[in-house]
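Remarks on the structure that follows.
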Amino acid sequence: MANGWSLLVSVIFIAAFCAVAWFASPKGENQTVWRSTLILSAWSCWLMWAITFLAQWHPLIQPQRGDLRPEYNGGPVKGESFF
Amino acid sequence: MAAGKDSLFRSADMTLTQLYVANEIGREVVSALGELGVMQFRDLNPDTTAFQRTFTQEIRRLDNVERQLNYFRQQIERNGIGMRPIYDFTNNMAAPSASEIDELADRSQSLEQRIHGLNESYETLKKRETELTEWRWVLREAGGFFDRARGQTEEIRQSIDSSDDAPLLRDVEQANGSTDAPQQQSFSVMNIGFVAGVIPRERMGAFERILWRTLRGNLYMNQSEIPDPIVDPEKNEEVHKNVFVIFAHGKEIIAKIRKISESLGASIYNVDENGELRRDQMHEVNSRLQDLSNVLGNTKRTLDAELNQIGRSLAAWMIVTKKEKGVYQTLNRFSYDPARKTLVAEAWCPTNSLGLIKSTLQDVNDRAGLSVPTIVNQIKTSKTPPTYNKTNKFTLGFQTIIDAYGTAKYTEVNPGLPSIVTFPFLFAVMFGDLGHGFIMTMAAAAMIYWEKPLQRGKQDELFGMAFYGRYIMLMMGIFSMYTGILYCDIFSKELSLFPSMWQWNFPEGYDPEKDGVITASRVEGYTYPFGLDWRWHETDNDLLFSNSYKMKLSIIMGWAHMTYNLCLSYINARHFRTPIDIWGNFIPGMIFFQSIFGYLVFCIVYKWSIDWYAMGEQPPGLLNMLIYMFLSPGTINEKLYNGQGAVQVILLLLAVVQVPILLFLKPFYLRWEHNRARAQGYRGIGENTRVSALDDDDDDEGGHSAHANGRPSVESEMDGAAMISQDLDDEHEEFEFSEVMIHQVIHTIEFCLNCVSHTASYLRLWALSLAHQQLSKVLWSMTLANAFGMGGATGIIAIFVFFTVWFFLTVAVLVVMEGTSAMLHSLRLHWVEAMSKHFIGEGVAFEPFSFQLMLEEELTELK
């Protein structure tokens, strides 16, 4: 579902969002505020997401637990998710 | 200068205007401009004291009206009468005409007299009422004494027999003994006088002691407490009092007693010893009290009605008076040209508002039917215009954060604009939790939804602050929810939105007691798409992973934030047309910063992007890499990529080379430029007047001003005629190389050291987010986790109780307290780490003459 290409896709998505935000911002004296806020928010959020994604892309350590019961095998959500 | 559209990006273009206003309509013009609220009038009579100014008389008169209105307000508050709120008026208040003001002044004068009279008579009546009440008590209690005294003649006589050194009582005995038949023996016959009165209870002890000492025991005293407190009409407070009756022998002693009691604040009342007469007195007092209370009621009703009437329009009057006073104070800043009968004013206003101002003035002129137009001149000046960032209710809070640090220089990049995002976002990196963010968002949304009623209500200090920053809170809450999802935290619990990238593989017949820790294995070719994988929650090595992740996150965020802000200094240099700031400050600074910390960020990202286990290599430690990059350049212990040694040496050299560039390029360039200008025969206009002009020290820009002065001096020579009241003592400073050099040395040292310390400072993002997460985990495990462990009826009650505790603590500690601390850290990151990269400051805030602002400031207490 998610691999290295996600980074590229997300950059394109954010760039597209910024372009839309730039042109679709309501005209008037608050246009600058709209543009700056939307675009800066988009890149801040993307940066944070990208860092989180990169950190887990090639993880160096695996989760370890000593308090699981064998019945838990597979976990409460096996394979499938909410979505 | 062609004014573009004003935006929050930089402060508005300002123009210094000169107004020529016909004397007759000066008041109307200023009042109309006050409604507009876009002009800051300069004081043209700075040498005149407040008393010598033209409109001092009017201001005094308005002060008096204001005092009267305040008196009404006090009276209204004292009598607990409701006032019509100020919000019924503010919007539709047209500027008052002169006759209205006169009428108001007269009216409040007469009203004051009336209220004063009413109050006075009310107080006199009240005093009489108190006296009568006290007298009634005295009559009642003293009557009791007399009756008792009569009944106890036997006892008295006996007590006298037993103690024969009581001369006073011997008289009583003798008197009684001689005429023993009629019980109704008069005291006067016995030559015994008495004093009756009322005294505050707490003075009773002192009173008794003093009497005893001065009269050496020659008295017989009776007292009783009045059960109801008596209201003192002057101070309007309740006092407990005692009735006393003192019997003594001889006129002189009685006179002494009277004096003592009066000096101690007792009131003495006339009581007749005859029972019949006393009864008559009692009747009389009662009927007088009756009448008095009728009159009192009437007076009170009239007073209340009057105050009610005033209260209905008092707020409007106060607004009118405040406005009028503001107008005259502004008019006092104008200078008067007696030859042409005009008022001359100078004012700063946003260039974009000039049209509005002109049309407003035209309107005023038309209304007054005056043929002489009001003239608005634009003046060219070398004065620094004030900094004006027009805000709305959304941006106001953010701009306040920036302005609290310092006023930006005129038209420099305003950090308030990016801080709309960066401030709440950095906050959210520290505060990341979906649940806590949600609570904050809801609180902010509620404050925004009920904005109007909340604004009008009384706010205490803490709530007032939160309310002022409600839009900041909203942004903080929204971003916290986002970072909460990325951290995979909701009230410290995990959030399993997507299938995990880890699965637990239990060995056959796994027993946690025996087999111990098991390690999850990766789902092949799948990375958790959004945020941290929830399988990390509650693992043994959770912190190992999240600390490494959050530390790197902080470094990258800090690098991005600082780079962004460093770029703003480039925009500033472009805007102020000082290319030397680009070549001498921005570019070397940027190279220095990027070749060390940009490289670090690159390494972090590079290390993440490489699948080290697939390559079969050991991942290098980045911290050691950075340290050895400085300690032993060129030698690589753990390889990150090929050719790493050479790259690092080049980067290090690049960084080192920037230091002398930073140090010397700008000062030497400025010196060269200065010398060239001198060689061509230009001189700063300040220089020749310097001998006589006042030495002004308001400019420590050093090199800038000398450079900048070259241009305006050319202009000002051409427009010399327009510069009427111009000042030669501003902004002109001789170029002094040593000062520029020292300034630049400080800047260089600061910049280079700060690159290191500021990057480290961003690690607070990690520290606070770690603390926040751990604290919420502890809170959960101490409260709700325990409750979930219980069963049966206890469990039900425990869950209820613990939930309350948990929720209350979550809001109080995790949202309010932690939120405040994260906010302060975010504030610091903006003020210190970010703004030091580009902020020039040194601006003067624009303070327009605006009725709206004035009323907001002054009438908050009327809420």
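Note: Cβ is positioned from N, Cα and C throughout, glycine not excepted.
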Between B:101-128, B:157-184, B:213-240, B:689-716, I'd like to know which one TrEMBL lists as coiled coil.
B:101-128
Do the transmembrane segment (B:425-450) and the transmembrane segment (B:553-571) come together with 3 or more C-beta pairs under 8 Å, pairs six or more apart in sequence?
yes
Among the recorded stretches B:471-492, B:553-571, B:583-608, B:645-665, which has the greatest number of Cβ pairs closer than 8 Å to the transmembrane segment (B:806-827)?
B:471-492
Cβ contacts under 8 Å made by the transmembrane segment (B:645-665) with residues that lie 6+ beyond its boundaries:
580, 583-585, 588-589, 591-592, 595-596, 599, 629-630, 633-636, 744-745, 747-748, 751-752
Take the transmembrane segment (B:471-492) and find every residue of the same chain, 6 or more past its ends, with a Cβ under 8 Å from one of its Cβ atoms.
393-394, 396-398, 401, 420-421, 423-425, 427-429, 431-445, 447-448, 530-534, 536-537, 769, 773, 776-777, 779-780, 810, 819, 823
Residues of the same chain, at least six outside the transmembrane segment (B:583-608), with any C-beta under 8 angstroms of its C-beta?
552, 555-556, 559, 562-563, 566, 569-570, 573, 619-620, 622, 625-626, 640-641, 648, 651-652, 654-655, 658-659, 661-662, 665-666, 669, 747, 751-752, 755, 759
